[in-house]
């Protein structure tokens with residue numbers, strides 16, 4: 001667990017695959033995007049293999065497992081299909097996320113407190129393959145404490161409410177919620193990551209929170225890459241979060 005100013009950047013490449021799937025082509029290649037991201041300073045690559053396969057495909061994950069120089073953070077729903085696939089590929093990191101077919105993107109955190117037995121069984125099973133398991137949850141004390149009880153070594157705090165806040169008061173309130181969540185997670189002995197909806201204009205305040213280990217960012221990078229290229233987009237984000245963490 002890192003409580004220093006060293007903060008990691010996990011690059012989510014799902015939306016490179018979204019662009020590919022929109023036309024059913026072989027391009028753009030998310031694997032190339034991952035390699036470019038690593039070259040530009042990414043500390044890890046995040047992919048979410050959804051039940052509906054709307055972006056990332058099994059083939060992408062298998063190729064990434066073979067070629068990544070950093071590490072894969074494999075996001076997945078708590079289903080038997082995904083559990084079996086994770087056991088097959090044995091990623092370095094696994095993040096359990098909620099998932100519904102209708103959502104545009106992951107809309108909220110996993111309800112760990114409401115299904116502790118199920119999540120504990122999943123954490124135990126996935127830990128046996130050597131993966132570090134994290135839980136994508138809201139910055140809520142009840143969920144954080146439940147995450148510790150089920151045996152997860154790490155959590156990823158959902159920053160979507162902060163990203164969606166529109167007034168200065170809302171932004172301040174949601175940022176404080178994240179700060180409190182980070183402190184609660186650290187007090188519970190957990191590694192604390194964060195992500196969802198972060199972009200170039202809101203990431204610095206989150207990156208400045210002491211105790212956050214890693215930020216996972218995707219859509220904003222892919223969007224900015226249209227104008228500056230993927231390596232440039234990743235390098236700019238990495239510079240932003242490192243500068244904010246040192247401030």
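Each position is counted from 1, following the chain as shown.
Yeah, the Cβs are placed from backbone N, Cα and C, and that goes for glycine too.
197 is the only one of 41, 197, 229, 232 that Swiss-Prot places in the 3-amino-2-oxopropyl phosphate site (with 12, 23, 218, 219).
Of all Cβ atoms in the shown protein chains, 21 besides its own fall within 10 Å of the Cβ of residue 55 (1-deoxy-D-xylulose 5-phosphate binding site). Close to residue 50 (1-deoxy-D-xylulose 5-phosphate binding site) in the fold, though at least 6 residues off in sequence, lie 56, 77, 99, each with a CB less than 8 Å from its CB. DSSP assigns residue 48 (active site, proton acceptor) to a strand in the three-state reduction.
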